[in-house]
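Annotation source Swiss-Prot lists Na(+) binding site at G54, T57, citing sequence analysis. Under the heading transmembrane segment, Swiss-Prot lists 14-34, 44-64, 79-99, citing sequence analysis as support.
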Amino acid sequence: MLRVFGHGTVGGAFPLPILTVNVLGSFLMGVFVVAAAHRGLTHLSPLVMTGLLGGFTTFSAFSLETVTLYERGDVGQAALYVALSVGLSIAGLMAGLWLARGVFA
């Protein structure tokens, strides 16, 4: 997935590809939670949420990119990246829940 969006900060600029993947993964997790509950498929939650979506999102890459920015002296960008990653991932999850609840209502 990261090949589609490019590379992160290791030798580059702001880690937008990793941020995008993490927010998208959170959105998909929100959709899955509601869809699985609606369809009676909650038994698949560990497989999909931990396995599939856990492998899709990139928390270890998020950590590396944050430390790389910090060690490069880009403390402001590191703080912005952490704030955007956490805030937008939570917003993405909430948007997925909202969308799926609208579909399955």
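Positions of Cβ are set from backbone N, Cα and C atoms, glycine also.
Its own atom aside, the Cβ of T57 (Na(+) binding site) has 21 Cβ atoms within 10 angstroms in the protein chains shown. Packing around G54 (Na(+) binding site) is summarised by its Cβ count: 14 other Cβ atoms lie within 10 angstroms of its Cβ, all protein chains included.
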